[in-house]
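*Asks:* Before I ask anything, here is the structure I am working with.
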Amino acid sequence: MIRSCVGLLGRKAVRLSPVGAPFSPKTRVLATAASGSCKAGVAATDRGTSTGGGDEEIRWRYHRGVPDRRQELPTYVRDLGKPVLLDPLVNKGTAFLWSERERFHLRGLLPARMVTMAEQEAKVLEEYREGAWDKAARDPNDEMVQAGLTPDNIRKWEYLKGIQGQNETLFYSVLVNNFAEMASVVYTPTVGWACLNFSRMFRVARGMYFSAKDRGHMVSIAYNWPSHEVDAIVVTDGSRILGLGDLGMNGMGISIGKLDLYVAAAGFHPARVLPCVIDVGTNNKKLREDKSYLGINQERLEGEEYLQVVDEFVAAAKARWPKVLIQFEDFRTEYASKLLERYRYQHLCFNDDIQGTAATALAGIYAGLAATGRPYSDIRHLRFVVCGAGSAGMGVVQWLCKAMEKHGAPADEAAGNFWILDADGLITDARASSVEEPTRRFARPLGGEELADGANVEQVVTKVRPEVLLGLSGAGRIWSPKTIEALAEGTARPLIFPMSNPSHKSECSAEDAATYAQGRGIFASGSPFEDASYGGKVIPSNQSNNLYVFPGLALGAKLCQAKLVTDGMIMAASEALAGANRAEDLAEGRIYPGLSDVRSISVRVASAVMRQAHKEGVATADSAIWAIEKDSRAFGDDDDHHDDGTGDSGLQHSPLDRYVMNKMYYPVYTPLAYVPRGVLE
């Protein structure tokens, strides 16, 4: 990248080389641009030392410093874009000036905020003298300390990220082969800490940063990304990260973490995935006042102005990579459903918080029914009390309704099986006008024996006697012992699903569920808990984690080249996941398969998604793919897999499964071949 030459300074020859020289390359590297002429280098030196002194003047200026930094000599580089950020001799990180970002095609490759070197030094010293974890540990209100995160979690995360920055093949090989052990480090709950401290821990830029400052330029900025082939984008606006609230640009951490799972769990190639953040400001005042924060220091854009920014991002992504799949991640309730409806019928996209969470929850309900010897169709007879009326909560409720309707329940009857509570308690007709659709559809009628508006969860459970208690409120331990006891009194095998993240936001713990349901409940949480015990018996702590669904859903949609992600495809993913459990695991109350088998699960989900896409006519892949399936069975008859006695999580591999496996990326070292620039590009 940097070209050195020999120049004559004064009366002695000096080799101006970045290697072994006694002074900074910033003041001494005199590389030429295109010609490689040493004359140009000498001329540049002369311009930089017009006061005389030659080599000694350069040495003096570097070692002792001068007030006017404008006199420093330029460093000439041959590359543009990402390679500039990867060269430690020329990289300035977030200190690149706006004009430099434009000239060197760095716009979009760095967070929007520009900082000085002095600010960078201050951040280095702060972390050197007192790490982010030590600082958090002294704060009694720190979210992740409350969540039970330990210094060992952070040590492991930092070490793995260090490996990823140096050798991605090794990183993903370790992650794939030890997924069950490492999932909680690279993803929830540790990724929550990574997001909270993203600006403070920022070292090397990953992914793309689009901001409100880029309006009108996003298409050209997208071309600053070096790869012409991107299969999947995960994008967030940072407004609602993992139940931690508005983290602004720091939300990039969740996009990075999600795509680590795309690669490890579903075999996407790491060079063909792109984490993105849309920085439109933050309403988190504490974050805006944090000197280390690298996002735009302004309140969030709202309304039409906000929607125009997201529209431009989507248009830019589709213009640059027409076949890319976009996953929307952690957008706040006011916009999550609105954006999904805005794009889902035009582009290949889905919202994991709404659709991924819902698909995973439905799979757990189906498996819970199977664990009690009941068919999936019995879902139409279940009663649900749901705490949380945000985008995730209502996404789950609507999805469960669709499942009921699929099994023959009329729409009104299905809606009547739900009691929805928000922060103000039970939602009834008294508040119907003040809540938005789809919540309004589920408002309970007043009068007769119906509960009053605003009734708390204990009152509702005691009155309704539901079979299922769902939590997506992010409100912490709001399910009291009496609430769980009342639930257990009304049904022989209650399904207890506190799905809020992270762990300390969960509505109850696994131990509470086991104790107060007298060991009869089936427990599934959003964040991991240790198995509980009751009466000397182990009560499994299942994790209803979206990672069971979204990697396989995305993989299937991409492999069949789907035009859209349809409800039918997501329903197929739910059913595929529910059927991945072995009978003996279900008998013990384990309703999700082990994470050590995550790639087999993703294969199963991807195959089911592909079949459904083909049935609905939205798959555009070559017909030869479907011939593979037809060779061994009539198409569409493979919707249910059964335990084949191999102990492989109840999974048997169809021809389509094997096709999917052959298309996955496997992190192994391959021979390298040199290709000159311009060839095969």
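Cβ coordinates come from backbone N, Cα and C, glycine included.
According to TrEMBL, the record shows the following:
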type: DOMAIN; residues: 164-344; note: domain 'Malic enzyme N-terminal'
type: ACT_SITE; residues: Tyr187; note: active site, proton donor
type: BINDING; residues: Arg240, Asn501, Asn545; note: (S)-malate binding site
type: ACT_SITE; residues: Lys258; note: active site, proton acceptor
type: BINDING; residues: Glu329, Asp330, Asp353; note: divalent metal cation binding site
type: DOMAIN; residues: 354-614; note: domain 'Malic enzyme NAD-binding'
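Quick one: where do these features end up spatially?
*Replies:* If you average pLDDT over the domain 'Malic enzyme N-terminal' (164-344) in this model, you get 96.
For Tyr187 (active site, proton donor), the same-chain residues lying six or more positions away in sequence with a CB closer than 8 A to its CB are Gly257, Lys258, Asp260, Leu261, Leu547. In the three-state DSSP classification, Tyr187 (active site, proton donor) falls within coil.
Look at Asn545 ((S)-malate binding site): DSSP puts it in coil.
Within 10 Å of the C-beta of Lys258 (active site, proton acceptor) we count 27 further C-beta atoms, all protein chains included. Lys258 (active site, proton acceptor) carries a helical DSSP state (H, G or I).
For the recorded site, Asp330 (divalent metal cation binding site), the DSSP three-state label reads coil. Taking the Cβ of Asp330 (divalent metal cation binding site) as reference, residues of its chain lying under 8 Å away and at least six apart in sequence are, in sequence order, Thr236, Asp237, Gly238, Ser239, Arg240, Ile241, Leu242, Gly251, Ile254, Asp353.
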*Asks:* Give the number of CB atoms, excluding that of Glu329 (divalent metal cation binding site) itself, located within 10 Å of its CB.
*Replies:* 30
*Asks:* Determine the Cβ neighbour count for Asn501 ((S)-malate binding site): the number of other Cβ atoms within 10 Å of its Cβ.
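*Replies:* For Asn501 ((S)-malate binding site), the 10 Å Cβ neighbour count is 25.
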*Asks:* Fill in the CA-CA distance, Asn545 ((S)-malate binding site) to Glu329 (divalent metal cation binding site), as an integer in Å.
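*Replies:* If we compare the Cα positions of Asn545 ((S)-malate binding site) and Glu329 (divalent metal cation binding site), the gap is 14 Å.
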*Asks:* With a radius of 8 angstroms around the mean position of the C-beta atoms of Glu329, Asp330, Asp353, what other residues of the same chain does the divalent metal cation site pick up?
*Replies:* Thr236, Arg240, Ile241, Ile254, Phe328, Phe331, Ala336, Asn351, Asp352
*Asks:* Taking the Cβ of each of the binding-site residues and counting other Cβ atoms inside 10 Å, which one has the highest number: Asp353, Asn545?
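*Replies:* Compared across Asp353, Asn545, the most Cβ atoms within 10 Å surround Asp353.
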